[in-house]
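As recorded in Swiss-Prot:
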type: BINDING; residues: 8, 9, 10, 11, 12, 13, 14, 15; note: ATP binding site
type: BINDING; residues: 94, 129; note: [4Fe-4S] cluster binding site
type: MOD_RES; residues: 97; note: ADP-ribosylarginine
């Protein structure tokens, strides 16, 4: 079973990317579980046909700890299983603790004992800190993919996340599998993201063109099954195949901020 975490800057498209690429893997016959690690609880909505899912933390607050697995785990497109960690009540507690609580509960309820090929963690966080680092810190995720674009904050976040991976690589065994460029129509962005990937010792595993990016439709089925060939769906199917066949897993070499800014200036991102 491969355990994969998807990180990246807030709003970069982690949840859309995760759900579409897992749908592609599901169409390949892979058995998958998505664990949403974001208080917004939108990591499984598309694969569940647009339906909101009750979160683990909400369920625990309302029903206590004596719950069954199917109370918090739902099955959607291509047999993909989905769980949402959720978050604390607004203004109270730490959202990162919700990830720790949720993964612990899933382990106790036997979710990881199923015949799974992949577990994907869709993780909130521009920086890898606290509970949001749990999939990395505790060795739950062995491979990380960072969704980014050729913009300063997207690449700054990617470099920060690489620092977190590097920090926990020896204790947790986690490795970076590559950068996924979610295009924002920036001039020369494939070259820039590839340059940054090379600089930190990894690869740009796939480039999703801006004209191919999926808008948030109500369901994955409509996204992956109703388009002509070589459209959005095929981009994510290609990404799924690349991740399934990927064998490049590295301990990244994060850059200093000065080095990152120098590269951005070379590419005209900073004046």
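Even glycines carry a Cβ here, placed using N, Cα and C.
Annotated features, which come from Swiss-Prot, shown on the structure.
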residue: 8; record: ATP binding site; DSSP class: strand
residue: 13; record: ATP binding site; DSSP class: coil
residue: 97; record: ADP-ribosylarginine; DSSP class: helix
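Counting only the Cα atoms, the space from residue 9 (ATP binding site) to residue 97 (ADP-ribosylarginine) is about 20 angstrom. Rounded to a whole number, the C-alpha distance linking residue 13 (ATP binding site) with the residue listed as 'ADP-ribosylarginine' is 23 angstrom.
Considering only the binding-site residues 10, 11, 13, the Cβ with the fewest other Cβ atoms within 10 Å is that of 11. Shown in sequence order, 14, 146, 147, 148, 154, 157, 158, 161 are the residues of the chain, 6+ apart in sequence, with a C-beta less than 8 angstroms from the C-beta of residue 8 (ATP binding site).
Taking only the Cα positions, the spacing between residue 15 (ATP binding site) and the residue listed as 'ADP-ribosylarginine' is 20 angstrom.
For the recorded ATP site, residues 8, 9, 10, 11, 12, 13, 14, 15 set the reference point as the centre of their Cβ atoms, and the other residues of that chain within 8 Å of it by Cβ are 147, 182.
The distance from the Cα of residue 11 (ATP binding site) to the Cα of the residue listed as 'ADP-ribosylarginine' comes to 22 Å. Across the recorded positions listed here (9, 14, 97), the residue whose Cβ sits among the most other Cβ atoms within 10 Å is 14.
Residue 97 (ADP-ribosylarginine) sits 19 Å from residue 10 (ATP binding site), taking the CA atoms of both as reference points.
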